[in-house]
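Student: Take this structure, written in structure tokens, and hold onto it; I'll ask about it next.
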Amino acid sequence: MTQAQIQPVKLGTQGFEVSKLGFGCMGLTGAYNDPLQEQDGISVIKYAFSKGITFFDTADVYGANANELLVGKALKQLPREKIQIATKFGIASRGFPDMKIEGSPEYVRSCCETGLKRLDVEYIDLYYQHRVDTSVPIEETVGELKKLVEEGKVKYIGLSEASPDTIRRAHAIHPITAVQIEWSLWTRDIEEEIVPLCRELGIGIVPYSPLGRGFFGGKGVVENVPTNSSLKAHPRFQAENLDKNKNIYERIEGLAKKHQATPAQLALAWVLQQGEDVVPIPGTTKIKNLDQNIGALAVKLSEKDLREIFEAVPIGDVAGGRYYNGLDHFSWKYANTPPKDSKIST
């Protein structure tokens, strides 16, 4: 397959330009696999940039702050003005089966200040609310983000796993540039409400886990899930469900051969070609996987191809929920906030 060129695209309608394929940095400090050594993690980021990826995604909670620090160190070896850094705030603690979500104005500002220090930058290109605090009116959270934009500390604002009502209300306070949300061949529940709303409002869509948390790359099928991986607790990777889901992988594998692509490339190409406003952020710790992901840009799919791939993964055939057990209430479907001028006491 010919080497794919990564074109710049506009994310949202405020002028934010990013590479059509982004890179999710979470796994570099450990999540589905062991964390990489610091220099190895920096090398992966630098390699991605050398191949044309300029849009890098991190968060304060990844690796308990280590991820932002790692990205910041990599940035020191790259031209800052050519890179777009997205980071996130909002998950105050990451317990299991519960997380503490915080969206007060004071918390927003505190996280931004510490994020700037960890990344060692003067501004954050895209700052997301990682999860919605359902006890704080979204107008208060976004109101503080708007101030950070006015102060030059943040360039663009995003939301992650936000409900339609929350997106609309947030956008009325300050333009939302991007919504980051799970979207892949086996997670398509955003297509009825979230995608049309984002397009109505001119908001870009940043799919996370576009390869189904590695499933379409063969994780759990052609390679074992590491014993210390968080995927061990994920419903779709549980033994009985995984056995059923292997049928889905085999179908995509068959279609991939027709397109001279790997299953991962076909699955990622399907996401990439959902629209110009769609910028997925697959992550990996391996250079060969990164090269494969970039190769997905060279897989050209017709409307008929896209439909055939879509129909090869009937959502009713997917065994297991998309969210870890006990964490469903943190998904976009439950991410409404109280009316403005009211708060839920906690």
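Placed from the backbone N, Cα and C atoms, the Cβ positions cover glycine too.
OK, Swiss-Prot features for this one:
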type     : residues                                                                       : note
ACT_SITE : Tyr62                                                                          : active site, proton donor
BINDING  : His130                                                                         : substrate binding site
BINDING  : Ser209, Pro210, Leu211, Gly212, Arg213, Gly214, Phe215, Phe216, Gly217, Gly218 : NADP(+) binding site
Student: Quick one: which residues besides Ser209, Pro210, Leu211, Gly212, Arg213, Gly214, Phe215, Phe216, Gly217, Gly218 have a Cβ within 8 Å of the NADP(+) site's Cβ centroid, in sequence order?
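Tutor: Along the chain, the qualifying residues are Ser184, Lys219, Ala264, Ala267, Pro282.
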Student: Calculate the distance in Å between the alpha carbons (Cα) of Leu211 (NADP(+) binding site) and the residue listed as 'substrate binding site', and round it to a whole number.
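Tutor: Checking the Cα atoms of Leu211 (NADP(+) binding site) and the residue listed as 'substrate binding site' gives a distance of 20 Å.
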Student: Take the C-alpha atoms of Arg213 (NADP(+) binding site) and His130 (substrate binding site) and report the distance between them in angstrom, rounded.
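Tutor: The separation of the Cα atoms works out to 18 Å.
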Student: Just to be sure I understand the packing, how many Cβ atoms besides its own are within 10 Å of the Cβ of Arg213 (NADP(+) binding site)?
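Tutor: Total other Cβ atoms inside 10 Å, all chains included: 26.
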Student: Are there residues of the same chain, six or more positions away from Ser209 (NADP(+) binding site), whose CB falls under 8 angstroms from its CB, and which are they?
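Tutor: Spatial neighbours, sequence-distant, of Ser209 (NADP(+) binding site): Glu182, Ser184, Thr187.
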Student: What three-state secondary structure does DSSP assign to Tyr62 (active site, proton donor)?
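Tutor: The three-state answer is helix.
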Student: Looking at the recorded positions Tyr62, Phe215, which one has the fewest other Cβ atoms within 10 Å of its own Cβ?
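Tutor: Output over recorded positions Tyr62, Phe215: least Cβ neighbours within 10 Å is Tyr62.
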